[in-house]
Amino acid sequence: VTCDLLSFEAKGFAANHSICAAHCLVIGRKGGACQNGVCVCRN
């Protein structure tokens, strides 16, 4: 999942990071965040 496609911000909250984290949880990771436009999952 690329964060550029999901990037939008509302009232200072970057939704792309939470969408990335949710994506990582779905695939069995411990969450994640966007780094340079790419969703990076934690192990």
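Using the three backbone atoms N, Cα and C, a Cβ is placed for every residue, glycine included.
The model shown is predicted, which means the values in this text are computed figures rather than measured ones.
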If you look at what Swiss-Prot says, which of Cys24, Cys34 makes a disulfide link with Cys3?
Cys34
Recorded disulfide partner - Cys41, candidates Cys24, Cys39, source Swiss-Prot:
Cys24
Per residue, counting other C-beta atoms within 10 angstroms of the C-beta, which of the disulfide-bonded residues Cys20, Cys24, Cys41 reaches the highest number?
Cys20
To the nearest whole angstrom, state the Cα distance for the pair Cys20 (disulfide bond) and Cys3 (disulfide bond).
7
I'd like to know which of the disulfide-bonded residues Cys3, Cys34, Cys39 sit within 10 A of Cys24 (disulfide bond) at the Cα level.
Cys39
Euclidean distance between Cα atoms of Cys34 (disulfide bond) and Cys41 (disulfide bond), Å:
9
From the Cα of Cys39 (disulfide bond) across to the Cα of Cys3 (disulfide bond), what is the distance in angstrom?
6
